[in-house]
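Features as listed in TrEMBL:
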- 151, 215, 286, 491: Fe cation binding site (BINDING)
């Protein structure tokens, strides 16, 4: 096919690549050692490159020729021949675990720099052109957090906004929103941007020892949207996991009888909205978008009624007949919550406070809290992406992968929120990755541009390829086949050519 001449830059992807080291094997697909891929577009041609992230975790494991660093679904143990004292000591030192720097989930932009990220306190700087691994950054040196999301937001000035969990720090467990500037003042050129990291606000956890797990959060023009879900980490179990010989994932549990709480923080005042908003128990990984309209916050998520998604990716479940055998017990559902921040305080108990045209409701309860029910926009999609220029604003379309009851995507889709129209791209034996939208330089409309996805073939004899679709029509513009074994990946970022520093700079 033919690629648009304006498409110049690099698509970076990240995901788990190596699952066996020596005689040892990870238990879970999300534990594999991070493998970076890049597709570089230059004058109508595509160049492919891939490289393992040379994290400390990677180096230690490869040197020992076995898994020696624990991951979320796999607990690793020291050499059994070491003496009893070092064994006792290592049990103690694992109480608040020293997490891994195997940053395998996403890529984050900070000014001119790029980092591989996961959900621990470590991120790794990478060179987006050569995929070399550079320095390691430990968030906890700059802010008291033990975990952080790999789905940050970027504001119009290029600041990164991200959230992390601070576990029992000074007797409190809280969720912390922090901001990292894209650059440092001229006179401090030697210092890193992380030295200027600023805590925007913190939200206390409803429970000291059971903080909510979260993978992403939402942002509007004026508010942060944080969902505290009843999918929670048990800190006492986490502290004793090593001694008990179980993985950290077993310390997460879904409490289906509990509520899901919504928190809205005003970014100007740094104060949380005082009304208590909640909905039924749900599990969510991906926020799609959020915006404000007539005194309401509208926020869209992909939600589940249980946490089966994580469990199906245990490698013991990923056999040859995986697609037939592995079924989710809950389908991903695109839910829109409409939350009235300004409403008549004298409204009757039991009345619906939503005044926008929507089937979503927000009902006032006796105790003054507000019970929210979503509008269901569609079902069976995951890994949602939007035109990021519309992040925090009213928007019309979303690009995603289609997942029916199996967790592996069979198609990619474009969904129009207004008309509910859905366009698909799919072929037999193809597993596409998260679709990434790139606006064309003279874009007038939200969907003017292209969608990129890397496609893995289920038939090992066929080469994987990068697919370029016209975002408006979803017609194929071209594909670039890569004659290497490519892996399913998780998330990525497109870097326009102008944002790539040349080697000499």
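For all residues, glycine too, the Cβ spot is worked out from N, Cα and C.
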Densest Cβ neighbourhood among 215, 286 (binding-site residues), 10 Å radius: 286
Count of other CB atoms lying within 10 Å of the CB belonging to residue 151 (Fe cation binding site): 20
Beyond the site residues 151, 215, 286, 491: chain residues whose C-beta lies within 8 Å of the centroid, for Fe cation: 105, 106, 149, 150, 216, 285, 287
